[in-house]
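Engineer: Pasting in a structure now, in structure tokens, and then I'll have a few things to ask.
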């Protein structure tokens, strides 16, 4: 049996562009891809914190150091420049691998620069006003 497990996320990234006329996908700065262990073409889920929209698409590598998080194609109807999003990837792994899997959590600033790396999916952004859910167990 394979389990689908949380593999990585880029937490609270700011959407820098959205264009209906681009080929559908999400363009992400190569520095963020490396930090989150994401590959071009990889399936990701995007959760829009600003409006609650959720979608899935695939990754296109963006210019390294640019801070780009660009929503392309039809998804631009749902996600807009300035929105805060969480970009999440999953992995299908064996039960033994699932029990040992340490996800990558990438916290970014308003310019989509990495400010902290971690493995706890419930950890709030360092230095923010966010709080850990009181019911969440520390990873």
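Even glycines carry a Cβ here, placed using N, Cα and C.
Under the heading active site, schiff-base intermediate with substrate, Swiss-Prot lists 25. Annotation source Swiss-Prot lists active site, proton donor at 58. Marked as substrate binding site by Swiss-Prot on the basis of sequence analysis: 57, 73, 74, 75. If you look up Swiss-Prot, you'll see 130-139 marked as compositional bias 'Polar residues'. The annotation pyruvic acid (Ser) is assigned in Swiss-Prot to 25. Summarising the annotation, Swiss-Prot assigns region 'Disordered' to 117-139.
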Engineer: What is the interatomic distance between the Cα atoms of residue 74 (substrate binding site) and the residue listed as 'active site, proton donor', given in whole Å?
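Structural biologist: Cα to Cα, residue 74 (substrate binding site) and the residue listed as 'active site, proton donor' are separated by 13 Å.
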Engineer: How do the residues of the region 'Disordered' (117-139) split into helix, strand and coil according to DSSP?
Structural biologist: 0 helix, 2 strand, 21 coil
Engineer: Using the residue listed as 'active site, proton donor' as the reference point, find which of the recorded positions 25, 73, 75 has the shortest Cα-to-Cα distance to it.
Structural biologist: 25
Engineer: In Å, rounded, how far does the Cα of residue 75 (substrate binding site) sit from the Cα of residue 25 (active site, schiff-base intermediate with substrate)?
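Structural biologist: Residue 75 (substrate binding site) and residue 25 (active site, schiff-base intermediate with substrate) have their Cα atoms 8 Å apart.
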Engineer: Pop the Cα-Cα gap between residue 25 (active site, schiff-base intermediate with substrate) and residue 73 (substrate binding site) into the table, whole Å please.
Structural biologist: 7
Engineer: Name the secondary structure element type, per DSSP in three states, that contains residue 57 (substrate binding site).
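Structural biologist: Its secondary structure by DSSP: strand.
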Engineer: Which of these binding-site residues has the least crowded Cβ, counting other Cβ atoms within 10 Å: 74, 75?
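Structural biologist: Result for the binding-site residues 74, 75: minimum number of other Cβ atoms within 10 Å at 74.
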Engineer: Do me a favour and check the Cα-Cα span between residue 57 (substrate binding site) and residue 25 (active site, schiff-base intermediate with substrate); whole Å is fine.
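Structural biologist: On Cα coordinates alone, these residues lie 5 Å apart.
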Engineer: Using a 10 Å cut-off, grab the number of neighbouring Cβ atoms around the Cβ of residue 73 (substrate binding site), all chains included.
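Structural biologist: Around residue 73 (substrate binding site), other Cβ atoms within 10 Å: 16.
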